[in-house]
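**Student:** One structure, as structure tokens, below. Some questions next.
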Amino acid sequence: MKRKVKKMAAMATSIIMAIMIILHSIPVLAGRIIYDNETGTHGGYDYELWKDYGNTIMELNDGGTFSCQWSNIGNALFRKGRKFNSDKTYQELGDIVVEYGCDYNPNGNSYLCVYGWTRNPLVEYYIVESWGSWRPPGATPKGTITVDGGTYEIYETTRVNQPSIDGTATFQQYWSVRTSKRTSGTISVTEHFKQWERMGMRMGKMYEVALTVEGYQSSGYANVYKNEIRIGANPTPAPSQSPIRRDAFSIIEAEEYNSTNSSTLQVIGTPNNGRGIGYIENGNTVTYSNIDFGSGATGFSATVATEVNTSIQIRSDSPTGTLLGTLYVSSTGSWNTYQTVSTNISKITGVHDIVLVFSGPVNVDNFIFSRSSPVPAPGDNTRDAYSIIQAEDYDSSYGPNLQIFSLPGGGSAIGYIENGYSTTYNNVNFANGLSSITARVATQISTSIQVRAGGATGTLLGTIYVPSTNSWDSYQNVTANLSNITGVHDITLVFSGPVNVDYFVFTPANVNSGPTSPVGGTRSAFSNIQAEDYDSSYGPNLQIFSLPGGGSAIGYIENGYSTTYKNIDFGDGATSVTARVATQNATTIQVRLGSPSGTLLGTIYVGSTGSFDTYRDVSATISNTAGVKDIVLVFSGPVNVDWFVFSKSGT
């Protein structure tokens, strides 16, 4: 009997230990527990358990914390956060920051995220920090952003006739999804909202922001042991009651008004992480106090977006004051597509309050007045065409997503450029004439930049063909010949596609050089000329690349491409040329004088070298050439060129 009792006691001990281990592995629910769909407030936070069917348990703990379990569900959401009245934008609420920590154990499809809704427009949004077996949302990303030290991919999806806070509806979903999972940290929610709006993903009036665990046809449990939501840091400032004097000829941000009669007007996000005003209706007025017009202004420009044709009256001192002029605004295509429109106004001098009177819906980013003499005379206000002009130092631009950003090594550049965008640089002084332009650019795809005088539809001076540099962070100089102009002009760069631009500079016309009179800056024909040191080139895909053993070469060449090398000094004469090349296919290189269609001096016949990494020297006879000449290499097919050199007559 004693042995049997001992065995039974041992078995009981083992069972108890097993039960303790099992209990230790399952979250202990000790707070207020709910099992089915319910909303309310708890610990100063709004909570909700929502499911379509299945087994769910949610424990409401102190503050924003909670734990949850789910199994055999279709879709279930557990969340604690803050709800609003759908009467304020995120800018008006101020910065929204979530600090969180979660023991997250999904089995199948699930998300750990910040979740919420906006109204007008109706948007369901997710900032996904971690996930289960499937990374949402299974769509093509619109781009990437970096927030809180992490990289997120951005998505936009459409839900048609699906459940929403307003019943069954069709609405947009916005997603930020981390490229690597995490289950604790800080989420700067407002920064995500700003980046979404930069991409044209318009936010409405805030309904909710909550830390959320969502499950979909899965099971699992989670313990949110930290969830602190801070709202209200750095809100949009209220209109100033004691305005200082403002310069009419500097940009005035539309949201920096002093008073309005509107009950619907709101401060909204604009591209480039800016702000503006929107939700404007017929009869709304906005007043800006103490605008200093100095000796006079006769023009007005505003950056606006609208889907309907409308107009804005510009009045002095009151909504019924002197009508200075009317700005007629045509549809820009969408509420997120901003364009600058201008109008003449009656001359106004001194200091006045300015009132904008609206006839219908429009979003306004900013506005500015122009002086009575809108085109300054050449002089101290001009820019030297032959000194580097930073791309970000434009006087005006077109393109809602265009941005100025910092470069890793210092300085700034412009990017987020799309087809049809443009930047204008006023009062560029070309003095006695120019010959070419060089721009420092980076792009992952081939594109082009038109150089125009007098506006985006002005005289076309030339086109810069930009090959892929392989990365948005890999910058190269590209050059193009331009039609000659003299004096002072406004220059506009018109873009045909995505490209980052650091700076550009023009090259003056060399009025002193002649074909037989070498001048400073000439290059000896009898020393190696590096192929990448061309003065201009033709061919959208041509690239400069690094060689394994050091140095550079040109490649990605196609039939009809060419490179030009200026001021090559042949002295008393040269009769042959040698080039160091690599190619997988036989091809030819014509050596021409002056231009791609100039006098043919000779042709280099290039046999296959076995690969594009195997370089050999090939030679050809050319017509005797003396003096200083511009030399053009014209290619008939793919080849990489390291350098070339000419040989003197008789050698």
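One is the number of the first residue shown, and numbering goes on along the chain from there.
Glycine too: its Cβ is placed from the backbone N, Cα and C atoms.
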**Student:** Pick from S552, S562, S611, S619: which one does Swiss-Prot list with Q530, E532, D642 for the same Ca(2+) 2 site?
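**Tutor:** Matched candidate out of S552, S562, S611, S619, per Swiss-Prot for Ca(2+) 2 with Q530, E532, D642: S552.
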**Student:** Out of N258, N309, N363, which does Swiss-Prot tie to the same D-xylobiose site as Y279, N336?
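**Tutor:** Swiss-Prot lists Y279, N336 binding D-xylobiose, and from N258, N309, N363 it also lists N363.
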**Student:** Return the residue out of Y538, Y556, Y561 that Swiss-Prot annotates for the same D-xylotriose 2 site as D613, N640.
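**Tutor:** D-xylotriose 2 site check in Swiss-Prot: besides D613, N640, the record includes Y556 out of Y538, Y556, Y561.
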**Student:** Going by Swiss-Prot, E253, E255, D365 bind Ca(2+) 1; tell me which of R245, R275, R383 is listed for that site too.
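**Tutor:** Swiss-Prot names R275 for this Ca(2+) 1 site.
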**Student:** In Swiss-Prot, Y279, N336, N363 are given as binding D-xylotriose 1, so which of T270, T322, T326, T349 is in that site too?
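**Tutor:** Between T270, T322, T326, T349, Swiss-Prot records just one in the D-xylotriose 1 site with Y279, N336, N363, namely T270.
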**Student:** Considering only the recorded positions E124, Y279, N336, which residue has the minimal Cα-Cα separation from D365 (Ca(2+) 1 binding site)?
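**Tutor:** Result: the closest of the recorded positions to D365 (Ca(2+) 1 binding site) is N336.
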**Student:** I'd like the Cβ neighbour count for R275 (Ca(2+) 1 binding site), meaning other Cβ atoms within 10 Å of its Cβ, all protein chains included.
**Tutor:** 20
**Student:** I need the nearest neighbour of R275 (Ca(2+) 1 binding site) among the recorded positions E124, N363, D613, using C-alpha distances.
**Tutor:** N363
**Student:** Looking at the binding-site residues E253, N336, D613, N640, whose Cα is closest in space to that of E214 (active site, proton donor)?
**Tutor:** N336
**Student:** Would you identify the secondary structure of N363 (D-xylotriose 1 binding site) according to DSSP, in three states?
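**Tutor:** Where N363 (D-xylotriose 1 binding site) sits, the three-state DSSP reduction gives strand.
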**Student:** Using DSSP, break the repeat '1' (278-339) down into helix, strand and coil residues and give each count.
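**Tutor:** DSSP classes over the repeat '1' (278-339) add up to 0 helix, 33 strand, 29 coil.
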**Student:** Once the chains shown are all counted, how many other Cβ atoms turn up within 10 Å of the Cβ of E255 (Ca(2+) 1 binding site)?
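**Tutor:** Other Cβ atoms within 10 Å of E255 (Ca(2+) 1 binding site): 23.
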**Student:** Give the residue counts of the domain 'CBM6 3' (527-647) per reduced DSSP state, in the order helix, strand, coil.
**Tutor:** 0 helix, 71 strand, 50 coil
